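**Student:** Quick one: the structure is below, and I'll ask about it shortly.
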Amino acid sequence: MGTLSVNQNKLQKRLRRLAGEAITDYNMIEDGDKVMVCLSGGKDSYTMLDVLLHLQKVAPIKFDIVAVNMDQKQPGFPEHVLPAYLKELGVEYHIVEKDTYSVVKELVPEGKTTCSLCSRLRRGTLYTFADEIGATKMALGHHRDDIVETFFLNMFFNGALKGMPPKLRADDGRNVVIRPLAYCSEKDIQAYSDMKEFPIIPCNLCGSQENLQRQVVKDMLVEWERKHPGRTESIFRALQNVAPSQLADRNLFDFTSLKIDESATPRFLDVLNI
């Protein structure tokens, strides 16, 4: 790729700045960390690695980056693509081979979506590998749109007000997951991926599945954004500005103990002079 145009340079700077802000706001990466960057071969993880490699050079702290890809033995998976790309970059990497594809195909009935089981199997394998190599953080390529989509998926289909946090301690307590692209839009990431011409690897297992719940939510958000630009960003900001006393979760706020504060200064409204 040659010299960047003005708009391309702005795009690159914006992604780097937003990732840096997210990392700082949530203390995602600390001095001495060994960050395991999970690469799927998609636009998001390529962009994440690219941005983290830049931040590694300019950050005031020192941290190591190890790229990890999980070969799930999907038919037609181009095994040579990621090793060739990472060797050219000079990045330390590992390819973890585990045939989760066969497990998913065996357990999931024909016509049903494979995403949930596939992601659980992949996540468990990566958690174990992160522990084996001594990684202190595990970086995933989810972006702002993914986080908002997950929020609506949980609300619509699971009856839960939860999303996909920028930083998470895994249930096993031994892994900390970070999402450096949490502030970045999918639109910017797609444009950056196209600009950089990353060697994208399609997912033959789930990429061809239609009518997924997530796709329905994604289409809804795209339509909202088309009619009301900035709505996705506003929803994401709402996730950062939660008021438990204005919701209905009794575990987050003690509604049962609410009483009049006798010491509070009375507020009188002069209704005659409104």
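All positions are counted from 1 along the displayed chain.
The backbone N, Cα and C atoms fix where each Cβ goes, and this holds for glycine too.
Among the features that Swiss-Prot reports, motif 'PP-loop motif' is placed at 40-45. Feature annotation from Swiss-Prot assigns [4Fe-4S] cluster binding site to C115, C118, C206.
Help me picture where these features are in the structure shown.
**Tutor:** Sequence-remote contacts of a segment are chain residues at least 6 beyond its ends whose Cβ falls under 8 Å from one of its Cβ atoms, and for the motif 'PP-loop motif' (40-45) they are 69-70, 81-82, 140-143, 146, 181, 186, 189-190, 192-193, 198-201, 203.
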**Student:** Test of understanding: give the count of other CB atoms lying within 10 angstroms of the CB of C118 ([4Fe-4S] cluster binding site).
**Tutor:** 21
**Student:** Using DSSP, how many residues in the motif 'PP-loop motif' (40-45) fall into helix, strand and coil?
**Tutor:** 3 helix, 0 strand, 3 coil
**Student:** For C118 ([4Fe-4S] cluster binding site), what is the secondary structure by DSSP, using just helix, strand and coil?
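**Tutor:** Looking at the DSSP assignment, C118 ([4Fe-4S] cluster binding site) belongs to a helix.
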